[in-house]
Amino acid sequence: MAIWKTIDWSLTSTNKEPQISPPSSSKIIISVISLSNRRFLFVNSSTNSPISYPSLEDTTKNDLLTLQFDSQNQQNLFLDEGNVNEFLCKLCKDPQTESLAFQYYEKAKDRPEYRPNQLIFKLLLRYLIKHKQWNSVSSLVKDFKDFQIFPDVVTCSKLVSGCMKARKFKIAENLLETFESIQDIAVSAFNSAMKGYNKLHMYSSTILVYNRIKSAKISLDLDSYYQTLEAFYRTGNTEKVLFLFKELQSQNFDTNKIYTQIYLVLCNSLGKSGRAFEALDFFNEMKGKGVVEDSLIYSSLISSFASIREVKIAEEIFEEAKEKKLVRDPALFLRLVLMYVEEGLVEKTLQVVETMKELDIRVSDCIFCAIINGYSRKRGLNDAIEVYGELISQGYEPGQVTYASIINVYCRLGLYEKAEVIFAEMESKGFVKCVVAYSSMVSMYGKIGRLREAMKMVAKMKERGCEPNVWIYNSLLDMHGKVPNLRQVEKIWKEMKRRKVMPDKVSYTSVIYAYSKAREFDESLKFYEEYRFNGGSIDRAMAGIMVGIFSKNNRIDELVKLLQDMKADGAGLDLRLYRSAMNALRDAGLEDQAKRFEESFDSINTPNREPNRPVQNIWVRKLPVEP
């Protein structure tokens, strides 16, 4: 009988019956676990006082005696060599003792005579992964190599999957290195790693695992090919997808369900790279091989041809899928609607809606909105309103995006009362955080001079937790700048800065105009210089304001510099800007400069030019600068 002991304990004779005489203050808990006619005796003490061994009635020398003594992390373990693995299995399978199993395993493996088995590794891994004891998992992985004993294929695969799910990538890499030389385990383990990386959208890592498989000369199975194809597709490498697919075909795998997924990846990759006809050829090849067809493949092909506006082919594939009852993807119908809109066939968008109704597929808010916007662009605003009313009468429900679009249409037509009615309807349905709708309403109130309602609208959206964007702030700056109400302009500008909403060209133009109209030219120049310092370019709207400011303040040098900057920024001069600049030079007594400036734009004085027609793309060739 082999006896193991710690350095803190010694056993002078195993033939004598051990006796225990605990101190009065100590607490002893004795429990016996029977296993195959053997008994495991646990003695727990709350003190570290000297302790002798209790006697067991009917104990034979073949009995297995286990003593656990917990005090200041000290333990004594006495195990019969032949039953260690059986004992550990018993601990692992009992929920009350499974937490002790790894501790006993650590004690056992210190003995050179001990060798674990596959079942021990499987049970220990199950417990350690369940309780996320990853340091212990790493220790156990090292033991695989040391003992040259490995869990079964399924356990190894689940181990790698568990590491990927917990994002313990370093442990997973160690596992792959450990399993690399064992063909049957390696295929399953590497496949689990690739699947885990793909689920986390770490496609580059999947490709690295694939390269590692190739360098280790491990044979790929169908699932491994699928995971690798998915990774290359997601990274946009269509050529590699084609190469791998042809390599897969040369392997002569048996056709099964995963082949459908592989063809889907291939068709998606070719379709997104504009190679829809190649995707169709492979699809026909797939049908010839008897591979199970899938609704997603049909959806991919239809979307591919819709994106390149091959209307006839897209419709033919759609009809084929419809006959086979393989039209299930709602996103497919949006692709068709967008195709018809781009081709100017907006009437067919209503046919798409009818088909969706036949197939009992809900018309989404995006499709509804796309139809309204399509009619607005291709047929006009009034037609968009008419189609909106027709769809509503058929029972289709608009969502937040559609409401925002139709409100914008009413605002552009000047039907302000109708816009208010639709906005109130949108609010009643709980769509209270649509920035686009708020922006249209604020802009509308600004155009009709209802500044109080505009400010109330902004206050309402803030109260509902909807943050104003730069469009809304631009509308407020514009409406208050035209009054001009500089106090409100300054307040709005400061609020933009405080909320970290970056002002754009329209923001600066509105503020510069507001101060210019109030004849606060120094403030206008300050904002203009800030705008230019931040890299802002000059368009005709801002140039028109600044020409007036420079002219009124006799700042001719700045005026000439402005015109030169416009040339550098690629902004053309129109007739209004030309006349303003000419008048400014002449009023300053710079006749020679005015004459040269006029010669630079002699094309606008042609007799065939229509009166008051803007002059396009007229550039300053060389403007004199007054020394």
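Using the three backbone atoms N, Cα and C, a Cβ is placed for every residue, glycine included.
Any TrEMBL annotation is an automated prediction that lacks curation.
As recorded in TrEMBL:
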REPEAT    294-328  repeat 'PPR'
REPEAT    364-398  repeat 'PPR'
REPEAT    399-433  repeat 'PPR'
REPEAT    434-468  repeat 'PPR'
REPEAT    469-503  repeat 'PPR'
REPEAT    504-538  repeat 'PPR'
(request) Grab the same-chain neighbours of the repeat 'PPR' (399-433) for me: Cβ-Cβ under 8 Å, and only residues 6 or more beyond its ends, written as numbers and ranges. (result) 364-366, 368-369, 372-373, 376, 381-382, 384-385, 388, 440-441, 443-444, 448, 461, 464-466
(message) I'd like the per-state residue tally for the repeat 'PPR' (364-398) from DSSP, helix first, then strand, then coil.
(response) 27 helix, 0 strand, 8 coil
(request) Run through the repeat 'PPR' (469-503) and tell me, per DSSP, how many residues are helix, strand and coil. (result) 26 helix, 0 strand, 9 coil
(request) Could you tell me how many residues in the repeat 'PPR' (294-328) are helical, how many are strand and how many are coil under DSSP? (result) 26 helix, 0 strand, 9 coil
(request) Take the repeat 'PPR' (399-433) and count its residues per DSSP category (helix H/G/I, strand E/B, coil), listing them in that order. (result) 27 helix, 0 strand, 8 coil
